[in-house]
């Protein structure tokens, strides 16, 4: 049976941002809002978490496994010798302060660290604690969110001027017709960011050519955000805090579609110090759960990443790809020969595998698909690739 032409004619929307799968999400916020504590509990590491601004100077970076019941289930079924989940690369960036775009605090260095990331965990503080100073003198997460947004916005505005000046010199005054379209696009970006004071990512109708230009410059306001609200343990457990509704309203108005996830750094730290059995008892007694799995998954999705599985008795592995990746390019993640000699992808949906109970049962039910080179891989696909081995050049 020839492979089906799954995905023919379906073109995924272009993505603003760096191309690739080794993408990073940075933890961004004002000093002393709980960034390093969050990084530590997320990664089980011991980054400095002292109570003073700029205790994090060089960014700390770590890989965090992405929790997935599908992966766990496949491992339980196959009992493989090797288990490799997907990972999220997380960076702890020092606290920004008002005036960072002008070099206040360690502003320029911090903004360059954000520039090196592909998405942002925007962490804000909504807990009171007299022992933990706030750089602005009081707890007001809306004000804090606006400070961060303004600093990123002002840095982009600062970047746009010289880019347009350079293009104008070559494309307009110099008559370089090839660069004229890029100049026109940057004028549109200027109108949106500088004149209308809106982040790059808020405009949802950038076309392919415009996104190509945006991706040359990687503006800070083009990066997707997940808003993390750090609560006291008490507020998190009772699911009440005076700021939560206000934060959600602000995000819905100024960053529509972005997620707002409450968590408690204090609770997560406490859970980390308990044994697995004690942790389970504590969570059940308080009728709550850790927010970390939800946060990790949200960060991974914000970077437009997903993964497919290869599964067998030797190895169960999650292979990270960008959304919209076609089967040959997904095969190339395993080995370049798989892409070069691609014949077809034999695909099972995880849900079908779970429902039927085995690969043979999936085949018997007619749910095992052969897909061609235009098939767009979907998150959670279980795939076996068929390919021709490239011919080795004959020795003379």
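Just so it is clear, glycine is given a Cβ too, placed from its N, Cα and C backbone atoms.
Per Swiss-Prot, the feature domain 'OBG-type G' maps to 23-283. The ATP binding site feature in Swiss-Prot is assigned to 32, 33, 34, 35, 36, 37, 231; the stated evidence is sequence analysis. Per Swiss-Prot, Mg(2+) binding site is recorded for 36, 56, and the stated evidence type is similarity to another entry. Residues or ranges marked as motif 'Nuclear export signal' in Swiss-Prot: 267-274. Swiss-Prot lists 294 with the feature N6-acetyllysine, giving similarity to another entry as the kind of evidence. Summarising the annotation, Swiss-Prot assigns domain 'TGS' to 304-387 and lists sequence analysis as the type of evidence.
Annotated features taken from Swiss-Prot, shown on the structure.
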residue : record           : Cβ within 10 Å
32      : ATP binding site : 21
33      : ATP binding site : 27
34      : ATP binding site : 27
35      : ATP binding site : 29
36      : ATP binding site : 24
37      : ATP binding site : 19
231     : ATP binding site : 25
294     : N6-acetyllysine  : 16
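Rounded to the nearest whole angstrom, the C-alpha distance between residue 33 (ATP binding site) and the residue listed as 'N6-acetyllysine' is 20. Averaged across the motif 'Nuclear export signal' (267-274), the predicted model reaches a pLDDT of 94. Across the structure, residue 35 (ATP binding site) and residue 294 (N6-acetyllysine) place their CA atoms 17 angstrom apart.
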